[in-house]
Amino acid sequence: MEHTFIMIKPDGVQRGLVGEIIGRFEKKGFSLKGLKLLTVDQAFAEKHYADLSAKPFFNGLVEYIISGPVVAMVWEGKNVVTTGRKIIGATNPAESAPGTIRGDFAIDIGRNVIHGSDAVESAKKEIALWFPEGVANWSSSLHPWIYE
């Protein structure tokens, strides 16, 4: 099964959207494998967003991520990276469809509530960074009702 990294950003935590977001992934049929509520320091945020370090918005993004607690999660499921991105919606909330997390809960790109891995390889890298101790090894009893 595929894994993805999902992070509820400080605005999502402050606005009380954690349960709603987890519920959307669970209702889809994905399995939660790892979960942490934490605050990160600047060095860690810079490492997470290293691929964006040359972008003009990089410093603001780092400040935003360290401004409050985040919820870091690992989800498992068939095509979870691609499907997770569809659940989240476009990076720019103005381009996100209603029914997506960003389409329903975000207005500005700089406060877009949630991060999700954009590819299987980036998911592996992000999971290794955020969950160096690994994740829970369990299988949902619902798998036969979700997967062929």
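Numbers here mean position along the shown chain, with the first residue as 1.
Cβ from N, Cα, C; glycine included.
Arg102 is the residue from Arg15, Arg102 that Swiss-Prot records in the ATP site together with Lys9, Phe57, Arg85, Thr91, Asn112. In the three-state DSSP assignment, the secondary structure recorded for Arg85 (ATP binding site) is helix. Taking the Cβ of Arg102 (ATP binding site) as reference, residues of its chain lying under 8 Å away and at least six apart in sequence are, in sequence order, Ile88, Gly89, Ala90, Thr91, Pro93, Ser96, Asn112, Val113, Ile114.
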